[in-house]
């Protein structure tokens, strides 16, 4: 159980002068008091005025508004993060709706593509394959000693943009910023990591400014041995850390998750986090439509690790609502670039083979039996839910959506691919094609849709609703693993926060301005599930709630006292 975070207790600091001003976790800038300026040899290094954090945030907000392009805003915010982290999070706290798309999706995708061009200052760890013999030393070199949450990527599948090499570091940095801004996890406890195993992206290899290892990606046994060296080193350095895998390629994501989820407290946000927020959204949407998830039929476009992860969680939820395994699987249809997954298709991946439809059940379908398209699935299976995780734009066509609407009065349509340029259909089109009847959730942010004098808020099915609460719940409860039951608890807690399901109006998911309260609610249910499943010490619900509240970091300056090294 984590100890209370006492914001009133002074920090004893050994640093002084310019060194203190260069330490982003400790720097207060113009907010250092007169006493602190004298004690820490800061006289003459700062303007005369002593400011509050609110005054600093107001100046930063005005400066932010001067930038016209999102990537410029991203670079500006990252610069604040790298100079004064408390101010950075205070600024986010006041403008989260505006700034979340800037620090994370969709703008972070552009930042990853141009990582080597916009690079300013080191953050996190760059662990390269040529330096694999020194991984233990690298972890010792981390600027933060008490690391409790690591987000790691190898940069191979960055959003819908593919292989970005070490440019993928933008994702762990952005993800951990949301762990703090949304989940209250102190930035002193977080560490972004990129595993530099080369890149197969010719644009990166041929870029004279590319800062990563200029080499084709290592693969197979060589790759897995390197990842294992990293995992074992992490276990030696921080044995109780929460490790999140992020944006690994489909061929590696599931094997790595399966290999390490019972060895270290870990999860894969692309597979499990995406599934958890999707399930929460679907439970809420089903309630809003007056049904249960067990009553729905689901069609997927995209049968990669993320899509199949969502599908498996849908099946688990349907089973919890009373369906048998066979009945639940018969209600889920997976379509990829080769068509509907059936038991006749060769060369399926292990996680895909569990989700095939039996050919004999499709015998009376009116379709091309060799490659059954999404449109043919919609005509024959008559899905009530359609989920896009294909990474390809525009594939939810007007014909497909209108065909779905013919047999479903309240279709649930979730084009989840991101960034925005990769979305399967735009919400305004889906609303128009269904005459305002569809319930829509997207993976990227979209403005509300105006249709026939009505305003339709568009829920962003954003993993940020889930993973900060999971992280907070793990830290507060002291859980040593993340179980399927904990993930399902997170989904149900999110559904319970749905304005549309609870009030019959509003958005499918809570407003981002409420995300800290949502994270606390999810953390409580995740912590309870961890205790029930034997991966955390059992305490009372009241004690768990107090641990969550006490561990929820706030961006406020603490007083400093001088000490020696």
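The backbone N, Cα and C atoms fix where each Cβ goes, and this holds for glycine too.
On a predicted model such as this, the values are computed, not experimentally measured, just so you know.
Per Swiss-Prot, the features are as follows:
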type	residues	note
ACT_SITE	104	active site, proton donor
ACT_SITE	175	active site, proton acceptor
BINDING	157, 270, 418	NAD(+) binding site
BINDING	246, 247, 270	divalent metal cation binding site
SITE	270	site 'Important for activity'
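Same-chain neighbours of the divalent metal cation site beyond 246, 247, 270, judged by a C-beta within 8 angstroms of the site's C-beta center, are, in sequence order, 153, 157, 158, 171, 245, 248, 253, 268, 269. The Cβ of residue 247 (divalent metal cation binding site) lies under 8 Å from the Cβ of 153, 154, 155, 156, 157, 158, 159, 168, 171, 270, each of these being in the same chain and 6 or more residues away along the sequence. Separation of the C-alpha atoms of residue 104 (active site, proton donor) and residue 246 (divalent metal cation binding site): 13 Å, rounded to the nearest whole number. A helical conformation is recorded for residue 175 (active site, proton acceptor) in the three-state DSSP classification.
Listed in sequence order, the residues of the same chain lying 6 or more apart from the residue listed as 'active site, proton acceptor' and placing their CB within less than 8 Å of its CB are 104, 151, 192, 244, 246, 269, 467. Counting every protein chain shown, the number of other Cβ atoms lying within 10 Å of the Cβ of residue 246 (divalent metal cation binding site) is 28. For the recorded NAD(+) site, residues 157, 270, 418 set the reference point as the centre of their Cβ atoms, and the other residues of that chain within 8 Å of it by Cβ are 158, 159, 160, 247, 274, 306, 391. Listed in sequence order, 105, 106, 109, 159, 160, 443, 444 are the same-chain residues six or more apart from residue 418 (NAD(+) binding site) with CB atoms under 8 A from its CB. Spread of the NAD(+) binding residues is 12 Å (greatest Cα-Cα distance among 157, 270, 418).
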